[in-house]
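A short worksheet on the structure shown next.
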Amino acid sequence: MSNESVMGSSLGGDRVFPPSPEFVAQANVADAAIYQTAAADPEAYWAEWAKKLDWIEPWTEVCQWNPPHAKWFVGGKLNVSANCVDRHLKTARRNKAAIIFEGEPGDSRVLTYQDLWREVNKFAGVLTNLGVTKGDRVTIYLPMIPEAAIAMLACTRIGAIHSVVFGGFSADSLRERINDSKSKVVVTSSGSWRRGNIVRLKDTTDAALDGGACPTIENVVVLSRAIDPTMVRMVEGRDHWWHRLEESAPRLTEPVAVDSEDGLFILYTSGSTGKPKGIYHTTGGYLTQANATFQWTFDIKDTDIFWCTADVGWVTGHSYVVYGPLAAGATVLMYEGAPDWPARDRFWATIEKYGVSVFYTAPTAIRSFMKWGTEHLEKHDLSSLRLLGSVGEPINPEAWLWYHENVGHKNCPIVDTWWQTETGAHMITPLPGIVATKPGSATRPFPGITLAVVDEEGNPTPAGKDGLLVIQKPWPSMLRTLWGDDERYKNVYWSKFGEKNLYFAGDGARQDEDGYLWLLGRVDDIMLVAGHNISTMEVESALVDHHAVAEAAVIGRTDAIKGQAICAFVTVKEGQTADEALIKVLKAHVGVKLGPICRPDDILFTAELPKTRSGKIMRRLLRDIAEGRALGDTTTLADPSVVSGLKDKYEQSEG
Ligand code: 6R9
C-alpha cells in the first residue's frame with residue numbers, strides 16, 4: 001500500500017469550493033481556531049460537548065483508555081430519551097415538529113416534541129409491562145415510520161438495549177440477529193409500503209420465530225400498518241397489537257438513570273466473511289458525538305427541516321434520523337418508501353412539499369438521479385435547500401458536481417461525511433462554514449478526532465501517497481466491542497499495527513498537499529496491477545466521468561501476467577448505446593484520465609449492479625463472477641437476481 005499513487009490528482013481535486021460569505025456569516029461555527037483548540041485538548045473539547053446534554057449525575061473522568069477499550073464520561077448517569085425528548089418540553093421546542101412523516105402512499109403525520117414525549121412514555125410502559133428491564137435486548141424490525149423512533153427511544157427510557165434490524169432483511173437474517181443478541185421482545189409491524197406493494201414484515205417475523213427458532217423471544221409487538229388487521233396471523237400468548245397493549249399500559253414512565261457506559265444499542269453489520277458483527281455502542285459518548293456532529297456538520301438551526309434518507313436499520317438512520325436530530329431539538333423528516341414511487345420525482349416533490357432545508361443522502365442515490373435525468377428536478381422548487389450531505393461511499397467528483405449544480409443550484413455547501421457503524425458518528429467531514437470543499441474529498445477530521453494515513457508498518461505516509469486510514473485516539477462514539485465477541489473486536493480493528501494501538505478502519509486513503517483526505521474505498525477493493533496499487537474507486541470515478549456512463553463497479557481479477565487485471569461492470573445512462581465502440585472509447589477515456597496502467601482490460605455492460613440494501617456495491621461477488629467461482633454469500637443483496645444474470649452474461653462474453 002505504500003506505492004506512489006499512479007493517478008496523481010485524478011480524483012478531481014483541482015477545483016475548490018469555498019462557502020459563500022452569506023453562508024459563513026450565519027454558520028454555527030465559522031472560526032477555524034476550533035480545530036487547534038480541539039486538537040490541543042480533545043478531552044476538554046469533548047467534555048464541553050457532553051455538558052450540553054442533561055446529566056442525572058456528573059462524570060468523574062472524561063476518558064479512560066485501556067487499549068483497545070475506552071470508557072467516556074466515566075461515572076456519569078443520564079437518560080437518552082430524556083435528552084432527546086423531555087428536555088425540549090421546557091422550551092419553545094415543545095410545540096415544534098420533532099418528526100414529520102411522509103408515508104409512501106402520501107399519508108402524512110407530524111409529531112411535535114410533546115406528541116413524541118407522550119408516545120415514548122406509552123411505549124416504554126408497554127415494554128415494562130412485557131417484563132423488559134434495564135440491559136435487556138429488544139429487536140426492532142420496523143419500516144421507516146415514526147414508531148421506529150418511538151420504539152428506540154422507549155427502549156432508552158427504561159435502559160433496554162435495542163437491536164434494529166433493517167425491514168428489508170430476510171427471516172434468516174432476522175433470526176440470526178435475534179439469537180445473537182438474545183432479545184426478549186421483537187417489535188414489528190404487520191406491513192409497510194414499498195413501490196406500491198405491501199411488504200409483509202409480520203410474516204417474515206413469523207418465519208424467523210416459528211418452530212421455536214428464537215428461544216429467547218417471549219413477546220412480539222405488532223404495529224398495524226398497510227394490512228387489514230383481521231388478515232394478520234397472531235400467535236396466542238406471543239403476539240400482541242401495539243395499540244391494544246397501549247390501552248393497558250401506564251401513561252407515564254419515568255426515564256431511568258443509565259450509566260454513561262451502559263449499552264444503548266447493538267447494530268449488526270455484515271462482516272466480509274462469516275457471521276455479522278454486532279457493533280456495540282454505549283450511552284454518554286455516543287449521544288455526545290451524535291449531537292455535536294449533527295449540529296456542526298449540518299449547521300443546524302431551529303428553523304431547519306432536516307431530511308436524512310437513510311433507513312433506521314443503518315447506523316446513519318440511528319445517528320442522523322433519530323439520536324442526533326432529536327438530541328439537538330431539530331425537525332427531522334422520515335419517508336417510508338422508494339425514491340421512484342409513484343414517479344422519479346418523489347424526493348424532489350417531498351423537498352418542495354415540506355420545505356426541506358438540509359438534505360443528506362448517499363452517492364448511490366445521487367447516481368440513480370443522474371441516470372434518471374434532470375427533468376424530474378426541474379418540475380420542483382428546491383429553493384428551500386441550503387446544505388447538502390453525502391454518506392456511505394466515496395462520492396465521485398462527477399456525482400458531486402451534478403449534486404452541487406442540479407440539487408444545490410450552486411449555492412449549497414456539500415458535506416461529504418466519512419464514518420462507519422463502528423465510529424457511531426461523523427469522523428471526517430467539512431465544517432461547512434469553515435472548510436472549502438474539493439469534489440470527492442471528505443476534507444478533514446471533525447474537531448477532536450485524531451487520525452492519519454499510514455503505511456503497512458503504521459508510519460504516516462507523505463502527501464500524495466496511498467495508505468491506510470487509522471484513528472489514533474479514542475473518540476466518544478466509538479464502538480466498545482463486538483457483542484459477545486471481544487476477541488474478534490481486538491482482531492478486526494486493533495491487531496493490524498500490533499502495539500501501536502491504532503484503530504484500523506479498513507479503508508484506503510490519501511492526504512493531498514493541503515492535508516485534504518481522499519477516501520479510496522475498502523482496502524479489500526484495492527487492486528495490484530503490475531506492481532501498482534490501483535483503487536477500484538478511482539477507476540470507477542474515471543468511468544463515471546464519461547457522459548455515457550451512469551454507474552460503474554471495478555474489480556481486480558487474477559491475471560497470470562499482471563497479477564490482477566482490471567475488470568469493469570458498467571451501466572449506461574438512458575438513451576446511450578452500450579456497444580463495442582463505447583467499450584473502446586471508455587478504455588481510452590480511463591487511460592487518458594488515469595494513465596495507461598489503469599485502462600480496464602474488460603468492460604461488461606449491465607443494467608444493474610449488485611448492491612447491498614444500503615446501496616454499497618458488492619465487489620466481492622463481482623470478483624467471484626470474474627474469476628468463475630461459485631457465488632459467495634448473497635443474502636445481504638438488495639436483488640439477488642442481479643448477480644445470477646451477470647454471471648450468465650459474463651460467461652457468455654468470455655465465449
Ligand atoms: C456511515 C456508513 C462504512 C464504510 C466505510 C467506507 C464507506 C462511508 C464514506 C465512505 C468514502 C464517505 N464510507 N462514508 N467512503 N467517503 N463519505 O456508511 O457506515 O455502513 O458501516 O459503512 O462505508 O468504506 O468504511 P457503514
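Any Cβ shown, glycine's included, is placed from N, Cα and C.
Where the annotation comes from TrEMBL, it is an automatic prediction and has not been curated.
Copied over from TrEMBL, here are the features:
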type	residues	note
BINDING	ARG194, ARG195, GLY196, ASN197, THR316	CoA binding site
BINDING	GLY392, GLU393, PRO394, ASP416, THR417, TRP418, TRP419, GLN420, THR421, ASP507, ARG522	ATP binding site
BINDING	VAL544, HIS546, VAL549	Mg(2+) binding site
DOMAIN	33-84	domain 'Acetyl-coenzyme A synthetase N-terminal'
DOMAIN	93-475	domain 'AMP-dependent synthetase/ligase'
DOMAIN	538-616	domain 'AMP-binding enzyme C-terminal'
MOD_RES	LYS616	N6-acetyllysine
Per-residue pLDDT averaged over the domain 'AMP-binding enzyme C-terminal' (538-616), given as an integer: 91
Residue with minimal Cβ packing [other Cβ atoms within 10 Å] among the binding-site residues VAL544, VAL549: VAL544
Whole-number Å value for how far TRP419 (ATP binding site) lies from ARG194 (CoA binding site) (Cα to Cα): 28
Filtered binding-site residues, from ARG194, HIS546, VAL549, whose Cβ is under 6 Å from an atom of ligand 1: none
In three-state DSSP terms, the structure that VAL544 (Mg(2+) binding site) belongs to: helix
Candidates ARG195, THR316, HIS546 (binding-site residues) with Cα within 10 Å of GLY392 (ATP binding site): THR316
Neighbour tally for ASN197 (CoA binding site), based on other Cβ positions within 10 Å of its Cβ: 14
When distances run from the Cα of THR421 (ATP binding site) to each of the recorded positions GLY196, ASN197, VAL544, VAL549, LYS616, the nearest one: LYS616
Closest of ARG195, VAL549, LYS616 to THR417 (ATP binding site), Cα positions, recorded positions only: LYS616
Rounded to the nearest Å - Cα separation of PRO394 (ATP binding site) and ARG195 (CoA binding site): 28
The domain 'Acetyl-coenzyme A synthetase N-terminal' (33-84): DSSP-derived helix, strand, coil residue counts: 22 helix, 15 strand, 15 coil
Binding-site residues listed as GLY196, GLY392, PRO394, least Cβ neighbours within 10 Å: GLY196
Protein Cβ atoms within 10 Å of ARG194 (CoA binding site), excluding its own: 18
